[in-house]
């Protein structure tokens, strides 16, 4: 067999037990077993022991023992129990029934814990006896006789070369497969003999002589320490071997051949802890305490002791010995008998120990073996449950004790001494290092230490079974029992369940810390998540050109694979083209990618690319943002200030969130009530396309909405303003229009303004075809409505008004357009820039009332009741027409009144008036327009001008109709429907200010023109108008004349209120005519023509003219006669 055919090396290994001669094995019979083999007829003479010089006082006894040992005896006569040197010790320490069996006596005596229990003479006798056994050239022939059938069954041993010790070495290696009883006993007994003293192992002394001397592990000079148990020497070498792997500076490097010999000794002693003499003596009491019922053999005692290693009752000496043993296992997995036995078939099947490209030292490493077998499990290859159980035990062992990983000890020594001392047990040191590893740069671990931690996490694979990480298991036990009890114990989804409950009421603080510490390293290698790897390994190989689970590639490192996967998961329609289906992820893989992204969104440190690129910006801008989720929000808030690399990765992540807001697990958790109540249909979709966030925005002010959700949704809206790509639905609907109409514009607010202006211009110019596509126009409307809800979503309005907000509206909330409404109400006190922006906003809202968030919110039900068929741009007009309805909601009525007041401040805020009077305004009010700038508000001057001209009947017919309505609206634009004006009219005599008196007189003058201008009179006479003047066309005082005629007609009975108000008006007009005489002939003529008694006045004027004419005729005749008389004279 290839594994044993090393003529120069393997005979030198520990298995190459140099049992070179054994005439006839003495007493292989068990204490109560079958007959023992015959004693040797001619015991071989021991080698010349020139250096054997026992102390002088023991010289006679030693000489007698040596002589007895070398003197030929008959086969059946010589017994160890008969020798005088050991008779006393034998009778004191060993049961009498063992005396007839030399090997039983030898085993009894050499298993004494204290060497002083046996006299020096007996020690020397035992040494020579064992040496004789192991140097007899006939020993192999006895093995062939005793194990004849076994050798023929084991092919490897049958093919071994005879006469060089290879046969016995092979039998020792395959002793677990030896079924023949006598052969098994033979191998077991001889193994115990060999391992009791390192000098009896073939070649060990030769290979390790220099290392023993340089390391001062004890003397190898024969005679200086003729003690039968020299396990301390091997223990010293073992400790030096593991220490060398943990140190960078090798003061006394152990030779390679000695290293192999040490590991081989450990390997051959792996099945029975009695064979590890140092560990046996160190743990004998602990074995009785913890593993009394555990049978020796097959590594069971080792395993039992390993499981109790960190118990408080475990002695430190035993714990140290166990740790050394575990470190040897981590260097060579063959030192573990149970692992090799359980996984023997898998190791061969999956070629885990035949990698010719690796050096033997690396191939033998426990971490390499675990990686190889884990790769087979991840690929779905068959691995027996027994083997997986052993893998689980050793993965847990590596996680519990960092010192078993030499790379951790070597590269993380500084961090351990500075931050993690005294945390050795139960994996606490590793988690301490993980905590430092995920910290900021001031406490970050060294790169080599980070790499060593990453390698250990990959080797132990704790994600596959959380129980591997004892610290995590203990910290999260209560959470698992409550939040994850529906998942099978040991299932990989336990960890995902814990991540889903991170920052919830079910999570405990200790579990949260342990979980994030582990997840930090898992997030840096996509293969460490078994579910992700299982669902995405095919996609990764196809799209990202990855290798096997335990293989790496410089072109595609593990951390870059996930980036590749999520690019293919979310970029299916980028750059205006649809990606081929073969380049897209499978549905299962995409769902796993979404799950990982949701986990990473919980903490910026769980996103390796984000943390690496944004480390500087995190320290610069977000050092004080330490609460959950605040760091990413901070980076998004400072997006324009970030360095380019960080800005790119933050932008990409924000773009992904806009497509699938469920990635933001904290926001989704906060918004769960409102999502369930109003967004159930879109929330149930496994693949989101921006619908959920749109729904949350639309329902942001529902009663189910809590503060956390409101803040989160508003923050995301504010972030979206920074780049139109952050609004997924807007991006997908308008990306082609943006590229064509608004190139080089990035900010969303600028893009919306650009596209809105384009739509507006096309509409006003009545273009044959709109330049903005229909789907973009629909989404554009959604974006405009969302922006109208919060002033912060319109930076061009918010920035100029910041100081005004703090000065005039300090206690007003931003949402629900409350801040905008406050600024409108305080418009006269605003700074010029803010006033200008508010005026422009009002101009847009009056043109398109649907953008008036407050109006649409307050009057939502009234719009449904009265204006369902009205066009969106005529909603306000419809509401005004129904304002005085008995069914009108008072709050909506008040809001309509506010908007009417606003419209009367500037003709530009009244689209109907502006359109109807576009010819008359320049004609009659040009002086007012000349004095005002484009950005200044006219404060009602143009409207006042138009009303005066309307009273003079100089406006065109198109202008009269909106003016008549406007006058009625102006009077009705007070909450008490014209009562203020009515009070002024009634108290006209008491008004002292000439300007105010003039205005009241103007109102009285205007009221003559049309009853609609007088809301009090119009309200009082509404029924009489309907009954008596319904056929009269409004305007030019016709309806007013109709009512006056009805008042004068005795047969007509008007409503008392109408009769009273009408009589008051007649009296006021009379008084007004006296107080305010006509300023010119035109005013006089207008007064006459509009007077109710105009017929009488005109008759009087006609009679006067006739009288004057007659008088003139008479006077003319008289003057003519006088003239003629004068001429005749």
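Cβ atoms are placed via backbone N, Cα and C, with glycine included.
Predicted automatically and left uncurated, TrEMBL annotations should be read as such.
Residues or ranges marked as signal peptide by TrEMBL: 1-27. Marked as compositional bias 'Pro residues' by TrEMBL: 37-47. Per TrEMBL, the feature region 'Disordered' maps to 37-76. Positions annotated as compositional bias 'Low complexity' by TrEMBL: 48-75. Among the features that TrEMBL reports, repeat 'Cys-rich GLG1' is placed at 117-179, 253-313, 382-441, 506-573, 584-643, 704-763, 771-825, 829-887, 991-1051. The transmembrane segment feature in TrEMBL is assigned to 1096-1119.
If you look at the transmembrane segment (1096-1119), the same-chain residues 6 or more away from its ends with a CB under 8 A from one of its CBs are 1088. For the repeat 'Cys-rich GLG1' (253-313), residue counts in helix, strand and coil come to 38 helix, 0 strand, 23 coil, using DSSP.
DSSP states for the repeat 'Cys-rich GLG1' (829-887), grouped as helix (H, G, I), strand (E, B) and coil, give 43 helix, 0 strand, 16 coil.
The helix, strand and coil residue counts that DSSP assigns across the repeat 'Cys-rich GLG1' (771-825) are 39 helix, 0 strand, 16 coil. Across the repeat 'Cys-rich GLG1' (584-643), DSSP assigns 42 helix, 0 strand, 18 coil. Counting residue by residue with DSSP, the repeat 'Cys-rich GLG1' (382-441) contains 45 helix, 0 strand, 15 coil. Residue counts for the repeat 'Cys-rich GLG1' (704-763) under DSSP, helix first, then strand, then coil, are 47 helix, 0 strand, 13 coil. Looking at the repeat 'Cys-rich GLG1' (991-1051) alone, the prediction's average pLDDT is 75.
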